[in-house]
2 protein chains.
Amino acid sequence: MTVYNIALIGFGGVNRALAELIASKNPLWERDLGFRLNIVAVSDLYLGSVISPNGLDATTLVESKFAKGGFSQLSGGSAEANNEVVIKNAPADIIVEATFTNPKDGEPAVSHCRWALEGGKHVVTTNKGPVAIAAQELKALAKKNGVRFEYEGSVMSGTPVIRMVDKTLAGAELNGFEGILNGTSNFVLGRMETGMDFSAAVKEAQELGYAEADPTADVEGFDVRLKVVILANELLGANLTPDDVARKGISGLTAADIDTAKKAGSRWKLIGSAIRNADGSVTGSVEPKCLPLEHPLAAVSGATNAVSLNTELLGSVTVTGPGAGRIETAYALLSDIVAIHNLAGANLKKEAA
Amino acid sequence: MTVYNIALIGFGGVNRALAELIASKNPLWERDLGFRLNIVAVSDLYLGSVISPNGLDATTLVESKFAKGGFSQLSGGSAEANNEVVIKNAPADIIVEATFTNPKDGEPAVSHCRWALEGGKHVVTTNKGPVAIAAQELKALAKKNGVRFEYEGSVMSGTPVIRMVDKTLAGAELNGFEGILNGTSNFVLGRMETGMDFSAAVKEAQELGYAEADPTADVEGFDVRLKVVILANELLGANLTPDDVARKGISGLTAADIDTAKKAGSRWKLIGSAIRNADGSVTGSVEPKCLPLEHPLAAVSGATNAVSLNTELLGSVTVTGPGAGRIETAYALLSDIVAIHNLAGANLKKEAA
């Protein structure tokens with residue numbers, strides 16, 4: 001039986017959900033996936049950090065009501081979030097990076113990833129920052145150190161997109177994509193279709209926990225722009241930065257715009273897209289588009305996300321699924337670990353030959 | 001550079017489309033996929049058979065207007081479709097099975113696959129027959145002989161479903177699926193929504209080439225039933241035969257049924273589905289269902305296909321794409337060969353270690 005020792009960097013919703021899954025699913029994963037996960041370290045800005053070479057009990061970790069700095073109560077614990085020490089010194093095979101997204105320079109998550117990869121540790125992350133800002137550098141660093149940098153959850157939570165294209169659409173000749181990549185703005189547009197104005201719809205999204213106190217990143221397309229950069233660079237071999245992608249959000253849409261579209265048998269959606277141009281360059285954009293109801297993305301409602309992949313040999317293939325959610329995003333981390341495990345399996349077989 | 005020698009069994013629309021792709025795409029595949037394809041044999045009920053150890057020119061093969069038995073004009077050719085000889089004796093690495101689907105016992109395609117696998121040749125196929133009837137036996141035979149039996153195109157042409165679940169959703173805990181798996185019946189239902197009655201809609205589908213002279217397999221759910229068996233056995237580990245799956249087609253739906261649904265904000269779709277029951281058994285079914293417009297499958301229109309995969313950790317993930325088409329189905333064969341190539345790569349690295 002393979003056991004992967006993992007260190008959780010950040011202990012917010014996503015990594016907490018992963019710990020919950022570990023608490024209940026390890027026997028199932030042993031049977032179906034061929035491995036179990038053992039948490040050997042956790043670091044969190046609020047709770048502090050802890051290294052436990054034999055492993056922390058996932059149930060205890062999830063159920064304890066720690067106060068600020070509370071990890072100091074644990075054996076091997078500290079009230080400080082010693083991320084660098086944890087990443088460099090914890091006996092982890094895999095570093096699970098789930099700190100906050102910094103859309104400017106990706107820090108401190110980029111450094112977290114660098115430390116891990118330089119130390120020969122795999123990295124799995126749901127953090128858009130390091131992927132949008134530094135994917136090329138981090139992938140090269142992973143390769144150099146014989147480990148993997150995996151980030152399925154940086155776009156559309158656990159709904160497969162990056163790995164789907166890589167593993168199931170090779171040779172289909174992807175020319176571009178368009179997607180609904182932000183559940184909050186899609187929810188707001190849906191509410192506006194019922195006659196609500198923009199501000200009231202945002203307020204409702206905030207009350208339901210879909211939108212943050214400052215909804216700018218979601219409704220003005222900044223979040224989608226990071227995802228367009230990630231997908232364009234990953235799927236179309238582009239080398240875009242966020243500033244390369246034109247961006248327009250949905251705050252300028254009025255109730256009248258929505259109504260006019262409705263009467264014309266169409267519907268506004270915030271679309272993130274990229275296309276490969278004739279000269280090989282790639283253009284990304286984020287803007288509200290008025291889609292006819294027959295369009296494969298027109299029916300994607302509420303907080304659901306979807307991406308249509310436009311290919312030469314298959315035409316359009318669309319994948320639709322959750323775009324957020326604690327467990328759904330934690331699943332993305334699991335799917336990254338499964339991919340590492342399967343690759344390690346091939347390597348182990350190689351070594352045994 | 002890796003060259004795979006392939007033998008085409010059946011030279012109808014799909015294998016002919018594969019030959020067309022080979023004629024133009026080999027340089028691209030060499031660059032992007034790491035291999036090229038070389039056709040060393042073809043066998044076809046109408047045209048005869050030919051074995052050419054050095055390879056047949058794909059362009060010549062595609063552009064020549066052969067008469068009945070016309071392969072006899074080629075060096076190494078015969079007016080007879082010597083399938084068994086071709087499969088057993090051609091110096092092929094991969095047998096590409098694309099003969100007609102026999103829903104009763106899968107023959108002669110099951111024998112074609114057996115001969116190939118017993119001879120240590122990989123099989124890729126778009127033929128539902130051998131997959132629905134004999135997948136377990138053929139997979140075991142492939143394993144025993146150190147080769148692969150791949151069949152992504154047996155459901156939804158090149159739109160990834162089987163490989164998508166295997167490669168991107170491991171550990172998501174699939175509990176069932178429901179899909180629109182027959183483009184002809186979906187097209188007919190779409191036309192009925194415009195006010196046409198069933199017979200007129202079928203007639204139009206026949207005129208457009210979507211439906212065959214005898215539309216029974218499509219509109220009565222027999223085709224969908226085979227696909228439900230394939231997906232249930234593959235994705236849910238079931239062991240169903242076609243007779244185990246309850247089946248009802250769309251011929252009983254009247255214009256009034258369609259109209260009533262429309263007025264209620266819903267829409268009839270022919271749904272193939274399977275669920276895992278509490279006792280671990282799997283129940284499959286094919287029947288028209290009246291879906292609310294918010295349902296992820298309700299907006300799938302025309303000849304497009306889609307499958308919603310119901311998972312424990314992600315909820316519903318839906319993939320939508322072409323369900324048929326010459327090039328789209330030929331792409332499924334290419335995607336199977338890519339999968340074999342990637343696996344062979346892992347094995348080759350193993351041997352080199």
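Cβ coordinates are placed from backbone N, Cα and C, and glycine is handled just like the others.
Look at the domain 'Aspartate/homoserine dehydrogenase NAD-binding' (B:10-152): DSSP puts its residues at 65 helix, 26 strand, 52 coil. According to TrEMBL, the feature domain 'Aspartate/homoserine dehydrogenase NAD-binding' maps to B:10-152.
What TrEMBL records for B:Lys128 is NADPH binding site. Within the same chain, residues at least 6 positions away in sequence whose Cβ sits under 8 Å from that of B:Lys128 (NADPH binding site) are B:Thr101, B:Pro103, B:Ser154, B:Val155, B:Asp223, B:Leu226, B:Lys227, B:Ile230.
Per-residue confidence over the domain 'Homoserine dehydrogenase catalytic' (B:160-338) averages 96 (mean pLDDT, predicted model). Taken from TrEMBL, the feature domain 'Homoserine dehydrogenase catalytic' applies to B:160-338.
Annotated L-homoserine binding site per TrEMBL: B:Glu212, in sequence order. All chains included, 12 other C-beta atoms sit within 10 angstroms of the C-beta of B:Glu212 (L-homoserine binding site).
Here the Cβ of B:Lys227 (active site, proton donor) has 25 other Cβ atoms within 10 Å, regardless of which shown protein chain they belong to. Taken from TrEMBL, the feature active site, proton donor covers B:Lys227.
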Short-range recorded positions relative to chain A, from B:Lys128, B:Glu212, B:Lys227, with Cβ separation under 8 Å: none
Conformational class of B:Lys227 (active site, proton donor) under the three-state DSSP mapping: helix
